[in-house]
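Before any comments, here is the structure.
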Amino acid sequence: MSAEPINLESWRDLPAAQQPDWPDRAALDRVVTELRELPPLVFAGECDELKDRLAAVARGEAFVLQGGDCAETFAGATADNVRNKLKTLLQMAIVLTYAGRVPVVKIGRVAGQFAKPRSKPTEVRGGLELPAYRGDMVNGFDFTAESRTPDPGRLLRAYHSSAVTLNLARAFTKGGYADLRQVHAWNQDFVAESPAGRRYEQLAREIDQALAFMRACRADPEEFHTVEFYSSHEALILDYDHALTRIDSRTGLPYDVSAHMVWIGERTRQLDGAHVEFFSRIRNPIGVKLGPTTTPEDALALIDKLNPANEPGRLTFIARMGASRVRDALPPLVEKIRASGAQVAWICDPMHGNTFEAPSGHKTRRLDDVIDEVTGFFEVHQALGTHPGGIHIEFTGDDVTECVGGGHPIVEEDLALRYETACDPRLNRGQSLDLAFRVAELYRST
Ligand code: PEP
Ligand code: CO
């Protein structure tokens, strides 16, 4: 038990970036009161288990695969959508485990990823200026004054939508669907039409043979039948994540029980800001995004504030430098942190530093740039003798056309065909598998 209760209100005195301008504070207060009474979405013990897994990553013994939509939507919380996303994540994890020969910690950007930081607070279209879309947790995507007005009732919908999604994810990962003997079934709708699917099928055949061999040896461990899967989101809207913070009855310590892991975005990681303060008080495993302007001093100060006890697994740095910057911006950070003796897991977000606007006006990313950034990330860690601990990506299980490139290539002219994201462009299933095969090769060669 901790000696005195941890102050969970200290963030309120500090500037909180990227918060919505709620028009009706009383309505927000009513929602927060309701959220405080609702059951946890995850258990503190599960958060601790993930912290143990991430400690193994920090020690160089496991690899993180973290991914999902840039922004989940309420309409997207359907069985098909969640299943396709999980299927793709499981396929990527299998590729990494089998071809990369490394245990994979699977973390979805799911069941809570409903809020977005924006570069501008408003958006102008045809002379009309309205609040920017900040994610379904805050306002609607439609460009009307009504839809764009922040509505606190959406915090409750975000909670319920997260609960539905997490329930499905738990069923899929624990209820037999994620059984290793299903490696072919996950691919059935995919094989013929795509090079990544064919490559995966070959790997699935090898896994079948290995499983048959193990069964013949009477080895059939429980790990083959279910999968450990964790949820995560950017804890951006502090009123939401604070309202879902509970004191763990085992330890007397506070956990944000809206997800197993939460992270702080590049735009809200100010050392003297409300997000860092709030995160310093909760006991979940946490992440911080680090962009190319991060100095070693910034990173060390974040470590002091967020992981003063140097607890392995507590803090993950998610580097998102851009393909053209990773090789010069990342080494000073990794080097200084290694020299300080701080225990952090390093993972690479090769998405957010590589976004550009296509001539058609679509926000997009090139798979080649994504792969180049991951390659640079591996090179940096290899040169410094540190561990490239994982990837953090935006993807979907559907056949969208939002990023360009891949073995079944999407070109810029294709972007309009199926561009469905509510925010940043996501890799589709084939591009995600292409990336997984490449990362597995990189991992094997370290
Ligand atoms: C995101 O992960 O969608 C995001 C906004 O990232 P970042 O904070 O790295 O810009
Ligand atoms: Co994004």
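Cβ from N, Cα, C; glycine included.
Source: prediction; values computed, not measured.
Straight from TrEMBL, the features:
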- C70, H352, E394, D424: Mn(2+) binding site (BINDING)
- R109, E266, R267, K289, R320: phosphoenolpyruvate binding site (BINDING)
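Proximity of the binding-site residues (C70, E266, K289, R320, H352, E394) to ligand 1: a Cβ under 6 Å from the molecule is found for C70, E266, K289, R320, H352. Ligand 2 lies within reach of D424 from the binding-site residues R109, E266, K289, R320, D424, judged by a C-beta closer than 6 angstroms to any of its atoms.
Taking a C-beta cut-off of under 8 Å and a sequence gap of six or more, E266 (phosphoenolpyruvate binding site) has these contacts in its own chain: K289, L290, G291, R320, H352. In this structure, the C-alpha atom of C70 (Mn(2+) binding site) lies 15 angstrom from that of R267 (phosphoenolpyruvate binding site). Counting other Cβ atoms within 10 Å of each Cβ, the binding-site residues R109, R320, E394, D424 show the lowest value at D424. When secondary structure is read from DSSP and collapsed to three states, D424 (Mn(2+) binding site) falls in the coil class. Between the CA atoms of R109 (phosphoenolpyruvate binding site) and E394 (Mn(2+) binding site) there is a gap of 8 Å.
Cβ neighbour count for K289 (phosphoenolpyruvate binding site): 20 (other Cβ atoms within 10 Å of its Cβ, all protein chains included). Reported as a whole number, the C-alpha separation between E394 (Mn(2+) binding site) and R267 (phosphoenolpyruvate binding site) equals 18 Å. Look at the Cβ of each of the binding-site residues C70, R267, H352 and count the other Cβ atoms within 10 Å; the largest number goes with C70.
Under DSSP, E266 (phosphoenolpyruvate binding site) is assigned to a helix (H, G or I) in the three-state scheme.
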